[in-house]
Structure formats: structure tokens, C-alpha cells
Amino acid sequence: MVNEARGNDSLNPCLEGSASSSSESSKDSSRCSTPGLDPERHERLRDKMRRRMESGDKWFSLEFFPPRTAEGAVNLISRFDRMAAGGPLFIDVTWHPAGDPGSDKETSSMMIASTAVNYCGLETILHMTCCCQRLEEITGHLHKAKQLGLKNIMALRGDPIGDQWEEEEGGFNYAVDLVKHIRSEFGDYFDLCVAGYPKGHPEAGSFEADLKHLKEKVSAGADFIITQLFFEADTFFRFVKACTDMGITCPIVPGIFPIQGYHSLRQLVKQSKLEVPQEIKDVIEPIKDNDAAIRNYGIELAVSLCHELLASGLVPGLHFYTLNREMATTEVLKRLGMWTEDPRRPLPWALSAHPKRREEDVRPIFWASRPKSYIYRTQEWDEFPNGRWGNSSSPAFGELKDYYLFYLKSKSPRELLLKMWGEELTSEESVFEVFVLYLSGEPNRNGHKVTCLPWNDEPLAAETSLLKEELLRVNRQGILTINSQPNINGKPSSDPVVGWGPSGGYVFQKAYLEFFTSRETAEALLQVLKKYELRVNYHLVNVKGENITNAPELQPNAVTWGIFPGREIIQPTVVDPISFMFWKDEAFALWIEQWGKLYEEESPSRTIIQYIHDNYFLVNLVDNDFPLDNCLWQVVEDALELLNRPTQNEREMEAP
């Protein structure tokens, strides 16, 4: 791809097919020594715990289990994203031997934990059991976990298949064997957690014997302990004292189970072989068929237990057994004052917790609303841009062949998407209306609100409210916006709408607008843009690869940056012309993959979406004069006015 000569307002391609998806080499990133904006990104889990304990800052963590279905996997990842907002220190994912836990299936323990780390940015512990497995299998699972970016393992024996425990020849028989093997094979790479049983393991000969086994696990290399659930604070206090007397000094985190239903309580008690206190039974039995009443009681009980634990000074944090539900646990945490939705962001985009991405601090703006897709397409990179985007000539983005990978799939089912986007489209204007309703928040003619688009699976970003009226006006006229940001000139980094990074800094943005529009509008835009050559950078491309840009030598353009005390300037978001050509493949494909395929082939609705896909252009505009008023709206308005201006023949026909 080369620059189109300035002043040429035709849509002849500069170079067709100039960028194609490839993953043959890693991104040539120009690394620098820019200090990390978020210290926790660079810390091991055990170090995060230690720092929190030294400061007295209590934490919470959450346990989940793998779902049984692909749809359940999509829902669980959505739940991860929602519950991440409260600020858990980590989550853990259980190991289900019956569910092929180490496989690449979307319902496997390995894939769910990997997704939490890579695509949800969550510090994650993967449970791993050693019963009924050969040494080679266990070692293979651990190597795979390391490759996927998992750095924390909860080492467990696991439950036997059937009622009787049988030793595995050539395998491990106890959790301590697994701990020793991990330390022997992987050194200090993994942080290791082990289980503690406040009333003793049901298969142990005695409470004292079980404590001895726990001490062996810690001595073998375990970093911290998470306990089985319990119902009374004194049970935990006695356990901690016994551990201390035994010489166990690592953190001991209590496991909390908010009772959420009669049947789930019975099932969990059966599995854990715990006895429910009589006073709890007396309350639950009369209301066992009233789930809401039991849940409310469970919340009250959990809050009371947690208050008692926290007041003791013996508890560094709380670990919640969620049963893959969010309401009860979230409510308990809110009542405890531990659920903290901090609007501050380390960077303007969603982070990944994969160790090799710890230094990453620059991304193209195009994937702002599809961060999981960006992470997927760059997963094979060996290094990630740090300090600046670097050499733009050789980014290698992997192909997005499968739009239905569970962590990239829309959170909304097909039936709901049809209700939002239209069970029947009658014209291009029907599509315009969907974009307008997404921005306005108004229900459509069938009473359904449009809460997502193929390019935006989340509600509108807070900063979009600063542009809402202008966006509504242009979308009504066929400027179908999928990404935008206002110009910002030195707002505090603590600003709740546009702020990011450490406190005490200032953030800046160039105005940015990205949209689909018709060829006719694109041609009018090019004529108008002649007047803005030195101020506005533009790039127009269609699905065939025809493109026109005035980007100087195809260099990346920093559109977001921040200045912070004692640090170099951070520029986390760029408009990169080369990356835009990779993004356009994905952006155009979403018309068909997520919208068009909702309709039958050859149907009028499918034909309309196909026409837009085949004929519209994807455009991005950058206003480089960020201290001045945003000129992009005037550019678009002038283009629309030019487009709607009567031709010479029309004027002659209208003349008297």
C-alpha cells in the first residue's frame, strides 16, 4: 500500500490486497524502558498477597467450575467480565476429570482458565488433581498450562472414581506428591495453593494427622492455603491456631459459601461430607421450597460470618465458592464494602493477564471494542509493543477464521439479536435505524432496546456520551459509526470519564471517528478533505482492498497519550495504517458472520446486509489539532451537504 497522491478525490485503489492476515512472524516491537503503569501486572500472586497483608488491605477471590455446554461457556465468560468489575484478587477454576479437563474443548477446565487469564485479564488459579492419572499426563497438563499463560496451580489429590480409593501405578497418590513434582519439574515458575480442611479431611485418621499432611504440602513448596467451606467462625479460628502451632506460616484464606438454595446446599454438603449446624437446618427446612428466602438468609449468614472473620485480624482475604452464580456473592461483598468498582483504568483498553503481555502498553485503536479479538489475533507474538508501536511495516495478525469461538461469540443469543437488529430489514435505512437506536438507548418499534452491535458487544463507553448528539445526527444520514473518541487536552488522569493511568497525571486525545458509509458519501468526503489535508489524517478502504490514505509514509499516529509524574510519556493508542488493513477484514466480515447470517440466504434482509458489505467503505478520520474544537463533524456535515447538493441537470430542471 502506498500513499494516494494528495488532491486526488477519486476512489481508485492505491494498492489492492496490500495487507493480508498472516501469523508467520511476531510483531517487530520497539521495546523501551517505560515504567509499568500498573505494578500488580508485574507481580506474582503470592507477592500481591504479601503486599496486601502488609498494608492491611483485605482481598476477595472467586471460585468457578467449568460449564457443561458451549452456551454455558459463553455465559460464564460474560460472568467473569461482570464480576471482574468488583476487583477480585484472583479467581480459580476447578478440575473436573469427567469433563476432559486438560483438553482444548471450550468446556474444559484448561480452556476456561486460559480464557480468564488471556481474554478477561483475571489472575487465575487452575485446580489440578493427580488421582487416576499417569505421571506423563500430569506433566503434559502442567506444560500446557504454562504455555497458555497460567502461573498458579491448586494442587489436589482429587476424588476417586467410585467409592474406594485405589493407588495409581506410575502416578501420584496424594497432593503432596503433586506439589513435589511441580517444584521438581518446574522450579519456582508456578505459585502453588493447597487445600486446608478446618475440621480435618474426612478420610484422615484424625484432625492432627490431617494437619501433619497439610504441613508436608507447605514444606514441599505450597505458597498458601485455601480452606474448605465451614459454617462457624470458631471452626476457622481453631484451625488457624492449630496450623500456627504446627509451624505453618503461609497465608490461610477461608472458603466462604453463601447458601443459595436448598438442593445446592445438600449437594455440596454431601460432596464435602460436612455437617450443617442444627440452627441453620432449623431456619432452612421450613423455607426449603422458597429459593429467594433461602438466598436472602444465606446472604445474611455469610455477611455475619465474614464480619466475624475480618474482625479477628486472622484473615488476609475471603475466598467465595460461587457455584457459577453472581448475585449472592456480589451482594455479600457489597455489604462488606469489599466490592469496589474502581472507574480508574491502568490503560484505556482491557488488559490480558498473560505473563508475556505484562509489558504491553500500546495497541491500535481499531480493536477498542473488541479486545478479546485483538488478543486472539496477536496470541502468537513473542513480544508486545512497549513505549511506542514501533515498526509498522511488519505486524503479523493471525486470521480470525472462527467467529464462533466461545470467547469471541456475541453474549446475546440469535433470537435476541433478531429482536434488536430486526427480524426483517426493508432497506439500508433499516440498518441506519439500528445504529441510531444503539446510540440513543431508545427501544425499537417492537419494544426492544439495541444493547450491542457486531462491532460493539458492550454498552456504550462513558466517553461516547460526550459525542452522543453528533453521533446520532450523522448515523441517521448513513455514517454508521463503530468507534469514536473526543479530543481531550490535559484532563486529570483521575477523570471518571476519560481518565486512565496513575493519579496525578494528565491525559490527552485526538478526536477520532471510524464508520462505514456508501461509496457516494466516501467520494464526497474525499472532496471535502482536500481543505483539511494538513489537519486531518484519513484512511478509506472497502472489502476488496481499494484504499486511500494521506498518512505520512504510513506511519502510526498516536491518538491517546498521558503524562504522569516521574515517567516518560505513555501513548497507549495509535492509528496505524497497516494494522487498519488487517482490521478491515474483520470489520467487514462481521457484517456477514454476526448480522447477515441471522437471515435466510437470498432473503431481502440478507441481501441488504450483503450489499452494505460489498459496497460500503470503512473510513477512519483523525483530527490532529486536539487543542482546537473537533473539526471532524464539520468534515462529515460538509460531505453530506455536498452529496445532497443538486447536480447541474437538477438545477436546470428546477429553474423556472
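Placed from the backbone N, Cα and C atoms, the Cβ positions cover glycine too.
Just so it is clear, the model here is predicted, and its values are computed rather than measured.
Lifted from Swiss-Prot, the feature list:
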{"type": "REGION", "residues": "1-46", "note": "region 'Disordered'"}
{"type": "MOD_RES", "residues": "Ser10", "note": "phosphoserine"}
{"type": "MOD_RES", "residues": "Ser18", "note": "phosphoserine"}
{"type": "MOD_RES", "residues": "Ser20", "note": "phosphoserine"}
{"type": "MOD_RES", "residues": "Ser21", "note": "phosphoserine"}
{"type": "MOD_RES", "residues": "Ser23", "note": "phosphoserine"}
{"type": "MOD_RES", "residues": "Ser25", "note": "phosphoserine"}
{"type": "MOD_RES", "residues": "Ser26", "note": "phosphoserine"}
{"type": "MOD_RES", "residues": "Ser29", "note": "phosphoserine"}
{"type": "MOD_RES", "residues": "Ser30", "note": "phosphoserine"}
{"type": "BINDING", "residues": "Glu63, Phe64, Phe65, Pro66, Pro67, Arg68, Thr94, Trp95", "note": "NAD(+) binding site"}
{"type": "ACT_SITE", "residues": "Glu63", "note": "active site, proton donor/acceptor"}
{"type": "MOD_RES", "residues": "Thr94", "note": "phosphothreonine"}
{"type": "BINDING", "residues": "94-95, His127, 157-159, 174-175, Tyr197, 201-204, Asp210, Lys217", "note": "FAD binding site"}
{"type": "MOD_RES", "residues": "Ser394", "note": "phosphoserine"}
{"type": "MOD_RES", "residues": "Thr451", "note": "phosphothreonine"}
{"type": "BINDING", "residues": "Asn456, Ala461, Ala462, Glu463, Thr464, Thr481, Ile482, Asn483, Ser484, Gln485, Thr560, Thr573", "note": "S-adenosyl-L-methionine binding site"}
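Structure with Swiss-Prot features highlighted.
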residue: Phe64; record: NAD(+) binding site; Cβ contacts under 8 Å, 6 or more apart: Leu76, Arg79, Phe80, Ile91, Asp92, Val93, Thr94, Ile112, Thr322, Asn324
residue: Arg68; record: NAD(+) binding site; Cβ contacts under 8 Å, 6 or more apart: Gly99, Thr107
residue: Trp95; record: NAD(+) binding site; Cβ contacts under 8 Å, 6 or more apart: Pro101, Ser109, Leu126, His127, Met128, Thr129, Leu156, Gly158
residue: Tyr174; record: FAD binding site; Cβ contacts under 8 Å, 6 or more apart: Cys130, Arg157, His213
residue: Thr451; record: phosphothreonine; Cβ contacts under 8 Å, 6 or more apart: Ser412, Met420, Tyr438, Pro459
residue: Ile482; record: S-adenosyl-L-methionine binding site; Cβ contacts under 8 Å, 6 or more apart: Ser369, Leu453, Trp455, Asn456, Glu514, Phe515, Phe516, Ala587
residue: Ser484; record: S-adenosyl-L-methionine binding site; Cβ contacts under 8 Å, 6 or more apart: Thr464, Leu467, Leu471, Tyr512, Leu513, Glu514
Do you know offhand how many angstrom separate Pro202 (FAD binding site) and Glu63 (NAD(+) binding site) by C-alpha? 22
Collapsed DSSP category at Thr560 (S-adenosyl-L-methionine binding site): strand
If I take the alpha carbons of Ala462 (S-adenosyl-L-methionine binding site) and Phe65 (NAD(+) binding site), what is the distance between them in whole Å? 32
Give the maximum pairwise CA distance in Å, whole number, for the residues Asn456, Ala461, Ala462, Glu463, Thr464, Thr481, Ile482, Asn483, Ser484, Gln485, Thr560, Thr573 listed as binding S-adenosyl-L-methionine. 20
Of the binding-site residues Glu63, Phe65, Pro66, Thr560, which sits closest to Lys217 (FAD binding site) by Cα distance? Glu63
Taking the Cβ of Thr464 (S-adenosyl-L-methionine binding site) as the centre, count every other Cβ atom within 10 Å, in any protein chain shown. 18
Least Cβ-packed of the binding-site residues Pro66, Pro67, Gly158, Pro202 (other Cβ atoms within 10 Å) is Pro202
Would you pick out, from the binding-site residues His127, Lys217, the residue whose Cβ has the largest number of other Cβ atoms within 10 Å? Lys217
If you measure from the CA of Ala204 (FAD binding site) out to 10 Å, which binding-site residues from the list Glu63, Phe65, Pro66, Pro67, Thr560 are inside that radius? none
